[in-house]
Amino acid sequence: MIQQFTLLFLYLSFATAKAITGIFNSIDSLTWSNAGNYAFKGPGYPTWNAVLGWSLDGTSANPGDTFILNMPCVFKFTASQKSVDLTADGVKYATCQFYSGEEFTTFSSLKCTVNNNLRSSIKALGTVTLPIAFNVGGTGSSVDLEDSKCFTAGTNTVTFNDGSKKLSIAVNFEKSTVDQSGYLTTSRFMPSLNKIATLYVAPQCENGYTSGTMGFSTSYGDVAIDCSNVHIGISKGVNDWNHPVTSESFSYTKSCSSFGISITYQNVPAGYRPFIDAYISPSDNNQYQLSYKNDYTCVDDYWQHAPFTLKWTGYKNSDAGSNGIVIVATTRTVTDSTTAVTTLPFNPSVDKTKTIEILQPIPTTTITTSYVGVTTSYSTKTAPIGETATVIVDVPYHTTTTVTSEWTGTITTTTTRTNPTDSIDTVVVQVPSPNPTTTTTQFWSESFTSTTTITNSLKGTDSVIVREPHNPTVTTTEFWSESFATTETITSKPEGTDSVIVREPHNPTVTTTEFWSESYATTETITNGPEGTDSVIVREPHNPTVTTTKFWSESYATTETITNKPEGTDSVIVKEPYNPTVTTTEFWSESYATTETITNGPEGTDSVIVREPHNPTVTTTEFWSESYATTETITTGPLGTDSIVIHDPLEESSSTTAIESSDSNISSSAQESSSSVEQSSSIVGLSSSSDIPLSSDMPSSSSTGLTSSESSTVSSYDSDSSSSIESSTLSSSDRCSSSISDTTSFWDSSSSDLESTSITWSSSIDAQSSHLVQSVSNSISTSQELSSSSSEESSTFATDALVSSDASSILSSDTSSYYPSSTISSSDDFPHTIAGESDSLSISFITSTVEISSDSVSLTSDPASSFDSSSSLNSDSSSSPSSDQSDILTSSSFSTLVVPSFSLSSSSSLSLTYPHYVNSTTYHASESESSSVASPSMASESANDDTYTLSESTDTTSSIGTDSSTVTFCRRDNGDGCIVTGMPSSSIDSEQTSDVTTTSSFVASSTPTSAEQSITDNPNIDSSQTSASSSTKSSVSVSDTVVNSILLSETSTLSSDDSTSSDTSISSTTNSDTGNINAGSSHTSTASIKESSIQKTGVTLSSSYLSTKLSSTSDITIELITTELITTELTTIEDNEPNTFTSTPSSHSEIFSSDNSVLSKQVDRESTIKTSPTTDVTTVSSLSVHSTEASTATLGENSFSNVASTPSNIATSLRSTSSSSNHATESSGTVKSEASAEAIPSPPTSTDNRLSYSTEEAKGITYANSGSTNNLITESQVAAPTDSTSVLIENPVVTSTFDDNSSAAVDQPSKTKSIEESIMNPDSTNETNNGFIATLSQAQVPSSSIHSELISTTTAKTTDASMNGDSAASNSQPTTLIQQVATSSYNQPLITTYAGSSSATKHPSWLLKFISVALFFFL
């Protein structure tokens, strides 16, 4: 019986196997690799590697099915193996045999057979690589001559066929590099025959051949020539690879043996070339040598004798065990429909001949006839080999009868009902008699439109329910005048479009002005989407230029360009040196002196015309020895005194002396908007005395008078400025006192007695200045530069020093100094007057900028700055004949203290700029003295702390008088213009001796900031899950009927109550020199899954023609699963120094509990944090994903009884699973939970329920700059999607145990199980078998692994907005902080048990016995 069943199975398998097509779907690539050191890439040279794509679908292909790939113009496969497997993911789904065409067919083929690994639920696809060599000719056989025309040199299209499907690819073939006019040779190895086909073509004669001899022979006797496989002919040309393309007969004589072959020919026409080819068998296919005869005479040419020898080292196919065997190729005609090549069975140890058969089909002709009937019949009239067979196809056709009826439709329909068992078909014509309809349209949740028609009986009312998906939505965003955003939804009817109108406020606008090359102005507006910023670009033409030329004190010319903003005017200032001056003095009739200056343009000469009144006349009367009187007039130049000397006879005389002095005080003040300038000067202690004794040896009288007029020019500068934004105060006060002392002596030595006069006066000067500045700006930068110059020989200079200090750093400093000397040379006569004028320009520019980019910023700064200034004026003059010496020294100093304190809160960038300008002071003065100043000395005490000391010692005796002065203040920040203040005339008479020492020090000190930060993250997640299930039992009882299929349905309800809670606490501590910051946060989330349902359907098949009684009960039990998830994570970041982070590794563990199995997960993580030195804001993110799977077990019981002795196959499937869940989440952050169950299709008999969940959480913490007074910490939590992939690999083992103590072990690659039970014993009567018990156990080997990787990259943008001293610094730099890689491993042993029992009772009758015996003999 077993043999009979085996034969039946084989018969059914062969009967169901079929030929399929379309498996190969593409040629992905076709590349060449040089397998034999060939000179060019020819199509016939191995190896061409063809990569083909294939696809096998288990729904259309079955094990045993065959498919064939035909490869035209392919000579052979160059692989060493005989077949190739179509493999996907390591599984073989088909095996393909190689059939090389060689010299037998013009194509090669690949015949494939599907194996048992392909099931209906599998679709496999992949690629296969085939090493091949193409056939482009090489012999005179019909196969080679046909294939010699397949390709040409260059680009070709290679096409393969899989049934009706054509696969093509373009490829480039290179032409032969051998000269076609010479002799041509080639050899090809044929693996199936283990022989080489060698070709020899005679050299070319363009006008034809008169005669010739050609052939080849073995050189050493190691090559055997097969004289039975020889082709001789003449070819009309050769192809691109030097192979014959035609073969025609001609006159020749052949001589052939196993050692050589040759022919002698005559009279070959022009355009043709003789050739000869034969099969040879070298003893070594890889190396052999042939000698060639080459004698020929071309028409109208001389006889040529050029024999040659070639050594062949060609390509050999590695066909093991095939050398030295006689191989015979035969052709046989068969009844198949296609041509094939096959190898007959061959045993090397017994058989000596290996036969290759070329199977060619018998040609057939088909005749089609018809008749009235049901079935199509085929009959074949066979024919012997060599004739044509006839196939007669008798096709049936049916007659029809027509039936007409009414129906509720709107059109007339005609339906033909074909009768499968009779030759008369029925044509049903339905005439419309429609019912009225009521149509209802409604929305539903699906994405497509559904129409349901409820048709009532004839003459009733039909209902049409149209279900439409929700309308698509078109969202339009537009601007409006309000300051807030709003959304309006307009809902249309079904099949319409809903509109969502989003109204956004207008974007803010940023305007940028720039120059361009055009002569006109233009404005371009760039509008962005809502919540963006619009840009307005104003392009202005370049400003016009105004050129001003002025004189300056340098000896060279210079040009300065001042560029203003658009729509302004640019200024070009050309500074030229002063012109030389020519002075001319002349008398005039007026009583006063005047000076006229004629100024010319630059590079000219100025003229000064001095007009003086006539000199006064001094009359002197003196005695002389004469007795008469006489008068003498002495005339001097301008500004002199003419003398009239009267000589009288000797008489007595007397003289008088007059001295006069005066005191005066000067003061001046100037007032400007938003600033105050106070300056006062007082001069005290002015006195003079005169003591002039006169004596003479002889009586005499004399008169002496002294008149002194002093005038001087003094240039000085003083300015105070203030700026105010929000609140600003600048105050300044100066106090000056002066003490001057001077002594003047006169003497006369014209007589024997000494006459002298002494005048002494003194005064003191004390100057003091103080300033106070208060401002809310976070940075103040002050720079003052004072300068004045005189066109004569006087100058004024000052030294300013600004020192600013903060608790952490010195931010800025500016020091400038200048100390000139001035010498005034007077005329020879005394007294003298020198006039000069000075115009000085001073500009002070103050700029403060604050940039804040944060939601909330609080800054406090308390810097202090001091300002010291000293100025000196020195003048030196001398006169002759007097040797008097006068020195002048003036000095003043003041200090400024700046203590700003502010608090700033901003939500956007803030920029504050303070421009301030002060310029122009003019003084007019005159001086008449002789003075000297000691040379000052300056030394640098230390270069490291920038300390300088200036020492000088002066002795001053001076007299200064000023007639008028003006001071001018100008503002350029939209102020009130310029203010000119006049000062009254004043005079200073002083005598002073002083030692002055000035020390300027600048010390830059920085207090390092030490910050200590500690971040602790302790998330704790506890999860618990419990579930229980209940199911219903169903049974079906069928008796005494024919059953084809029974459908069982069962519905179970799975109630589940899962809860998950998560607690996360975060604490942060920052310690810095400005204070401590503690911040903390907590996170709690709870998720619960309330209920889900499972729908199960089962199909029981029974195929029997006899009575069957079947009862089935099933009990589905879902294991009680408790899952506990504990997650602990600790992350610590310590910051002990600025901008330096260190981290400690953290550990991550998870423990799952499922029955008695343990699932563990251990993660070791090491975090690396790198920051740049300027990073003060750190963002740390962490992300965790958790998942778990749970499996269920199925317990069932089946019992059945058959009242038949025929086989009955019963298979029960439980296949479909669906799950739905409700979630309730409470969280301060964002927690996502998901639950899903995967349905397993039929026919597996086990149920696999998977429950997975994932949580996603991202935390971001921002730390503010540690350099500011008040640090700020911000924490944010956002949701970050993460994809996590887990792969579970299982190796279950299934064991079945029977009551006869037999056992079987089956390895199954998956958890799919099927059991087929067959009971049949027709020879026993009234046999009862209740002992069949099957136990199925499944053990999952703990070799499962899950690998997951998580890479987290965080980028932080830092902003430093600390306030140090008088300025603000900002820095922004992206920095990659953290990169984490985590690897997890799971080990999860699970146990699933299946138990079943069955019992059967057989009571066969005589009829059943008879049927069984008949079936037995039939099989």
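Cβ atoms here come from the backbone N, Cα and C positions, even for glycine.
Under the heading disulfide bond, Swiss-Prot lists CYS73-CYS150, CYS96-CYS112, CYS205-CYS298, CYS227-CYS256, citing similarity to another entry as support. Swiss-Prot lists 365-396 with the feature repeat 'ALS 1'. Annotation source Swiss-Prot lists repeat 'ALS 2' at 401-432. Per Swiss-Prot, repeat 'ALS 6' is recorded for 546-577. The repeat 'ALS 8' annotation in Swiss-Prot covers 618-649. Taken from Swiss-Prot, the feature signal peptide covers 1-17, and the record attributes it to sequence analysis.
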By the 10 Å Cβ-neighbour count, the most surrounded of the disulfide-bonded residues CYS112, CYS256 is CYS112
Could you please provide the mean pLDDT value for the repeat 'ALS 6' (546-577)?
88
Going by C-beta under 8 A and a gap of 6 or more residues, the same-chain neighbours of CYS298 (disulfide bond) are CYS205, GLU206, ASN207, GLY208, TYR209, THR210, GLN304
Going by C-beta under 8 A and a gap of 6 or more residues, the same-chain neighbours of CYS150 (disulfide bond) are PRO43, PRO72, CYS73, PHE134, ASN135, VAL136
Give me the Cα-Cα distance between CYS112 (disulfide bond) and CYS227 (disulfide bond), rounded to a whole Å.
37
Name the residue among the disulfide-bonded residues CYS73, CYS96, CYS205, CYS227 whose Cβ has the smallest number of other Cβ atoms within 10 Å.
CYS227
The repeat 'ALS 6' (546-577) resolves under DSSP into 0 helix, 20 strand, 12 coil
Whole-number Å only: compute the distance from the Cα of CYS227 (disulfide bond) to the Cα of CYS96 (disulfide bond).
35
Give me the CA-CA distance between CYS256 (disulfide bond) and CYS96 (disulfide bond), in Å, as a whole number.
41
What does DSSP say about CYS256 (disulfide bond): helix, strand or coil?
strand
